[in-house]
Structures are given as structure tokens and as C-alpha cells.
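Going by Swiss-Prot, these are the annotated features:
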| type | residues | note |
| --- | --- | --- |
| BINDING | 34-41, 282-291 | FAD binding site |
| DISULFID | Cys134-Cys137 | disulfide bond |
Amino acid sequence: MENVYDLAIIGSGPAGLAAALYGARAKMKTIMIEGQKVGGQIVITHEVANYPGSVREATGPSLIERMEEQANEFGAEKVMDKIVDVDLDGKIKVIKGEKAEYKAKSVILATGAAPRLAGCPGEQELTGKGVSYCATCDADFFEDMEVFVVGGGDTAVEEAMYLAKFARKVTIVHRRDELRAAKSIQEKAFKNPKLDFMWNSAIEEIKGDGIVESAVFKNLVTGETTEYFANEEDGTFGIFVFIGYIPKSDVFKGKITLDDAGYIITDDNMKTNVEGVFAAGDIRVKSLRQVVTACADGAIAATQAEKYVEANFEE
């Protein structure tokens, strides 16, 4: 079938790249479609210490670069195009992008998840102007300044420690009276002299004229609010939000079975409720969202897609 791919992968994080590698190596005509940038959430990770075989100096971007090179080496195609609709019911699946339409015998959904917003006034208006969701991207903008980190899980605390390499002081703002991060991570954080903690608190509002100038915090126990102002010398300060992610599955609603949170439901073979459609990585319902599990998902999904195509399409 001319202009019909054996495998189309939507998304290019670790799951999508692993799927592209396995699909291309299996001699499937493979295309990977990405709407923003290759790499997914891992590109904002300054250190990848829990991926087997990664060296101490491994960063998210460097790992993604090697994965992409591998997929390209085996012939996987890549296009940058934002997907606006999908038709997954037919034997030939149709993926509609802003630039073009793509047809495939099988599809892997690997769109991942996006950072969850704090949801306070001023946050979106001042994103990129003091508000950030990426320590690796923006830490150096706050050299020797004060920074607030919203969140208390593994990512929040790890990124706070990274930010402490640049900032004069880092305050972790957490809704509870204890961190949710792993104990080993907590131990490191409590020993870091640059880290401070604002317990039982939430950020209520972010203010500024084109740049973050102040922020209002609320104690959730007492109800008391406190406004922090940038000092005159700095002129601003950083607010980094790390409170989890939201699945990027809006385009698949009504087309595929999702759970209440919007994650795609699959079986152990990454199969969705639609024949020939698989899901991999952070977009699907799973107990652990890490690079290593995303890669495993991608490999399984591509292998199952290969079997599906062989069983349902003639040469």
C-alpha cells in the first residue's frame, strides 16, 4: 500500500523512541510524529541516575540524543506535526496533523504527560518570566537569587537540590507537614544548607509586571497568608512548579478507552481496546513512570504491533 506506514508512533519521548527503534529494526515502515520537540519530559531532567547503564554524567538530553540516533540509523522516519484528530476504527488508521495526514496499519500512542499547573492567578501570565517547570532549562537565570519550589515528591525535591547549585536559597513549598519524596532523597535535602521548607502551605497568587515580583503563600492550617517580595537588588525570584503531570490524551477522548484521570488503559502487551492501536509510556495507566519503564513499554508495543501487522495484512 503506497503511502501507508506499517507503524505510526505519536510522540517521541523514551517510549516513542524505543518503539521507533524496535519497529524500524523489524523492517517495518515506521514514522514517528512529534508535535513539539523530541524527547518528552526527560529533556528537562538534569541527571539520569536510575537508567541502567547510564554513566554518572548522563543527562536527559544526551540520553534522548543517543536514542534518536539509534532509531534514525535503522530507518525510522520523523516528522514534526501537531496531531489534531485521529480515526482509529478502520483497518487503516488515519492520523490528521496540522501539516499532513498519515495512514498506518498500526499505531502506538506515546504522547506522555505535561506538567500540572499550580493553578493560581498570575501563573500562566508569568510563565517564562520567573515561573518555570524546568530546572535544567532555567536554573542559571536565578544565579545567586532566591527560588521557591512548589511540590514535595521525588521530582520536586531532586530539582530543588539541583536549583540549590545556582540559587542563593531554595524554599520548598509543600501542602503537607512532611515530604512525599523517597527517604534517601529526603535525607540529602535536609542536609543541604541552602534548602528551607514551608510546610502546610500553598502558593495563592503570583504577581508582577512582565516579571515575577512577588508571591502570596497561604498556611493551610492557620489560614494566614504571607506575601514575599523580590529584593531590590535581584528585582525578581524564581518559582518552579513540580506537582505531577497531566496525560496528553485530549485528542484521543472518545476514540480510545481512558481512565478517570485521562490515562489510556492497556493490557500487559500495551494493547488498547481498539485493534491495532497500542499505548506506551507515561500516557498509559501504570504503577511506575520512569525512563526505563517507558522504554520497556515502547519495545513491547512495537513488537506487538509487528505481530498484529503480520497477522492482519498480506505482503
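Here the Cβ of each residue, glycine as well, is placed from N, Cα and C on the backbone.
All features noted in Swiss-Prot, drawn onto the structure.
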residue: Glu34; record: FAD binding site; DSSP class: strand
residue: Gly40; record: FAD binding site; DSSP class: helix
residue: Cys134; record: disulfide bond; DSSP class: coil
residue: Ile283; record: FAD binding site; DSSP class: helix
residue: Arg289; record: FAD binding site; DSSP class: coil
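Around Glu34 (FAD binding site), taking its Cβ as the centre, 23 other Cβ atoms fall within 10 Å, counting all chains. Of the listed recorded positions, namely Gly40, Cys137, Ile283, Arg289, the sparsest Cβ surroundings within 10 Å are found at Cys137. Taking the Cα atom of each, Lys37 (FAD binding site) and Cys134 (disulfide bond) are about 14 angstrom apart. Take the CB of Lys37 (FAD binding site) and look out to 10 A: across all protein chains shown you find 10 other CB atoms. Each residue contributes its Cα atom, and for Glu34 (FAD binding site) and Cys134 (disulfide bond) those atoms are 20 Å apart.
In this structure, the CA atom of Lys286 (FAD binding site) is 24 Å away from the CA atom of Cys134 (disulfide bond).
Cys134 (disulfide bond) and Arg289 (FAD binding site) have their C-alpha atoms 18 Å apart, to the nearest angstrom.
Across the structure, Cys137 (disulfide bond) and Gly40 (FAD binding site) are spaced 14 Å apart at their Cα atoms.
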